[in-house]
């Protein structure tokens with residue numbers, strides 16, 4: 001029997017899909033929303049163990065590494081199990097990491113609990129949540145993904161003062177215990193991620209052959225998909241991976257250096273820190289606005305991505321012009337808004353490149369290779385700041401690599417459109433075979449394929 005919310009031959013595009021979007025909204029907040037605010041614990045952990053800054057930074061670095069490296073594993077598990085099962089597994093890993101870290105045994109214990117367990121849990125929760133939203137929507141996919149991803153921004157704004165209050169009242173160990181308990185709600189959200197029915201509903205006349213076909217269609221053991229490593233053979237997907245590497249190198253630089261840059265201009269700590277709150281709000285508005293714009297289908301997603309990522313690079317190149325709070329706040333708001341626009345469409349654009357059937361594998365590979373840029377970008381920016389003795393250098397680097405990443409998106413868009421204009425040999429063979437069965441002679445000339 002067909003899923004009541006499932007349209008024949010396609011995603012539901014509504015109905016229970018909005019429950020899935022709401023669940024994904026909370027999952028984003030309880031994963032990447034927590035990750036964005038984990039810096040509040042940095043000095044507490046460093047002072048407690050009495051170690052160097054570089055030693056303490058391995059806690060966060062390990063978590064980011066595992067978050068990206070776990071993406072292909074999460075994709076494979078989603079294909080062989082369900083997104084629901086993987087998300088619930090991720091919720092258990094995430095909560096276990098925080099709760100075990102609150103025991104405060106040693107710094108290596110923090111590497112294992114927060115770094116490995118929390119990082120893997122974030123990956124196992126975040127990636128399947130993005131995946132299932134894309135499977136539930138077609139027409140409304142841009143706005144659905146924008147709403148789901150905005151959970152990261154909303155929770156980031158709320159968690160910043162909330163985490164600081166928890167640390168002051170219950171110490172950082174107690175705060176980690178409470179946060180871990182909150183992250184158990186990821187399992188609840190995962191339980192709401194109802195898998196879609198994969199078999200189509202094709203009513204036919206009840207004859208012998210159709211009866212056998214019906215038995216095969218009702219087989220409770222559906223065919224399992226395998227991870228599509230062959231996507232790496234697609235030139236357009238390889239170019240999109242290059243976009244991911246360069247873009248990630250620029251993404252992680254501004255949030256790390258905008259507050260130190262503001263402090264170096266003489267702003268007080270309170271005013272410097274308030275820039276991050278404005279960034280989060282602008283990020284939220286950007287995700288919703290770009291999701292709505294993409295849903296209008298005025299331009300292709302890849303064209304829209306090219307425009308916003310290029311403008312983002314230009315804004316970062318101009319950001320060091322700001323020498324007082326008001327000007328810096330304007331450029332930071334523009335950065336946050338455009339960053340939200342990029343985040344709203346850069347993941348769902350994978351569907352335009354590899355199709356919905358290759359999305360899970362494509363997203364896993366995208367995340368895996370994106371980690372390269374995330375690891376190289378911030379250290380390279382820090383090295384430039386030490387060399388030039390000016391925080392403006394890091395924003396120049398960030399803006400430059402983001403503009404370069406936009407060039408790769410242009411190339412991807414051209415390749416995708418060229419493939420749409422000229423059908424592949426496989427498609428022609430399938431068309432000819434169908435025509436032969438129907439008793440129609442089909443002649444295709446080379447000129448018609450160009």
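From the backbone N, Cα and C atoms, a Cβ is placed for every residue, glycine too.
Here is what TrEMBL says about this protein:
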- 17-417: domain 'Major facilitator superfamily (MFS) profile' (DOMAIN)
- 198-220: region 'Disordered' (REGION)
- 16-35: transmembrane segment (TRANSMEM)
- 55-78: transmembrane segment (TRANSMEM)
- 85-103: transmembrane segment (TRANSMEM)
- 109-130: transmembrane segment (TRANSMEM)
- 142-163: transmembrane segment (TRANSMEM)
- 169-193: transmembrane segment (TRANSMEM)
- 237-258: transmembrane segment (TRANSMEM)
- 270-290: transmembrane segment (TRANSMEM)
- 302-321: transmembrane segment (TRANSMEM)
- 327-351: transmembrane segment (TRANSMEM)
- 363-385: transmembrane segment (TRANSMEM)
- 391-412: transmembrane segment (TRANSMEM)
Could you check whether the transmembrane segment (302-321) and the transmembrane segment (109-130) come into contact, where contact means at least 3 Cβ pairs under 8 Å with the two residues of each pair 6 or more apart in sequence?
no
Looking at 16-35, 142-163, 391-412, which one has the highest count of Cβ pairs under 8 angstroms to the transmembrane segment (169-193)?
16-35
Non-local residues, at least 6 beyond the ends, that sit with Cβ under 8 Å of the transmembrane segment (363-385):
64-65, 68-69, 71-76, 123, 127, 130-131, 227, 229, 231-232, 237, 240-241, 244-253, 256-257, 347, 350, 391, 393-394, 397-398, 401
For the transmembrane segment (237-258), find every same-chain residue at least 6 residues outside the stretch whose CB is under 8 Å from a CB in it, and list them.
36, 231, 275-276, 279, 309, 312-313, 316, 319, 332, 335, 339, 342, 346, 349-350, 353-354, 362, 365-366, 369-374, 376-378, 380-381, 385, 391, 394-395, 397-402, 404-406, 408-409, 411-412, 415
Same chain only, please: residues at least 6 beyond the ends of the transmembrane segment (55-78) with a C-beta under 8 Å from a C-beta of the stretch. Say none if there are none.
35, 38-39, 42, 45-46, 49, 85-86, 89-90, 107, 110-111, 114-116, 118-120, 122-124, 126-128, 131, 227, 360-361, 363-368, 370-371, 374-375
Are there residues at least six beyond either end of the transmembrane segment (391-412) with Cβ under 8 Å to its Cβ atoms? List them, or say none.
236, 239-240, 242-244, 246-247, 249-251, 253-254, 257, 260-261, 264, 302, 305-306, 309-310, 312-320, 353, 373, 377, 380-382, 384-385
Which sequence positions outside the transmembrane segment (327-351), separated from its termini by at least 6 residues, show Cβ-Cβ distances below 8 Å to it?
130, 134, 141-142, 145-146, 149-150, 153, 240, 244, 247, 251, 254, 258, 261-262, 265, 275, 278-291, 294, 301-302, 304-305, 308-309, 311-312, 315-316, 318-319, 321, 359, 362-363, 366
Mind checking which residues reach the transmembrane segment (142-163)? Cβ under 8 Å, same chain, six or more beyond either end.
17-18, 21, 24-34, 36-37, 40-41, 129-130, 133-134, 136, 175, 179, 276-277, 280-281, 283-284, 287-288, 290-295, 301, 340, 343-345, 347-348
